[in-house]
Amino acid sequence: MATNAKPVYKRILLKLSGEALQGAEGFGIDASILDRMAQEIKELVELGIQVGVVIGGGNLFRGAGLAKAGMNRVVGDHMGMLATVMNGLAMRDALHRAYVNARLMSAFPLNGVCDNYSWAEAISLLRNNRVVIFSAGTGNPFFTTDSAACLRGIEIEAEVVLKATKVDGVYSADPMKDPTATLYDQLSYQEVLEKELKVMDLAAFTLARDHKLPIRVFNMNKPGALRRVVMGEKEGTLITE
């Protein structure tokens, strides 16, 4: 790669799943993975990219799962939102230890723990090269953190949502179950809907489509993949118009 190569994005929204943080543990937060992700985000900041982050909470709690067991769905989702705040606190701490300025915002007030979400404040922080972590989802039950990622991405005028997963991109079928599944380089929003490909839930996906927000799905477990994505190299699957 030429040394004078420049990033293809100025501002991104990085969506991390809670499961990505748990590593091989199966639950909770793997400190080594957290630190590696913080280092990869630091690389982006050093390239001059403005970074917003949304983290899921599935490594700690899943509201939908307990709803099936009889818990009120609203209560379960509130607990799931708090799980994303816990992950956000861990990520902010990891970024601070990596000497990266980061701010944690919550969709609902948690005074003394983190800041309330403010669109204007978030934009100002991003312009000053601060990483902004958006937690507590959208602040409403029944909406996933993928919906939160697309919503915040649109609000902060990110050029792309980078969805970090455990696989190399979007496949024609589940690569864990079907060895013949093929990896797509690029898809249109329409193709994703027609082929019924699982990229993110429909509410999140249609929000991105309606606002022409591109989505790139890539494997966060592959070292250097995030950097390759922002440098415009062949990595993952791009979904656009």
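Cβ coordinates are placed from backbone N, Cα and C, and glycine is handled just like the others.
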According to Swiss-Prot, D77, T138, G139, N140, P141, F142, F143, T144, T145 bind UMP; which of G57, G65, G169 is also listed for that site? G57
Match it up for me: which of 17-22, 23-28, 125-130, 191-196 does Swiss-Prot list as region 'Involved in allosteric activation by GTP'? 23-28
Can you name every residue in this chain, apart from G57, D77, T138, G139, N140, P141, F142, F143, T144, T145, with its Cβ inside 8 Å of the center of the Cβ atoms of the recorded UMP site? G80, M81, G137, S147, A148
For a quick check of packing: other C-beta atoms within 10 Å of the C-beta of S17 (ATP binding site), how many? 21
Closest of the binding-site residues to G58 (ATP binding site), Cα to Cα, picking from T138, N140, F142, T144? T144
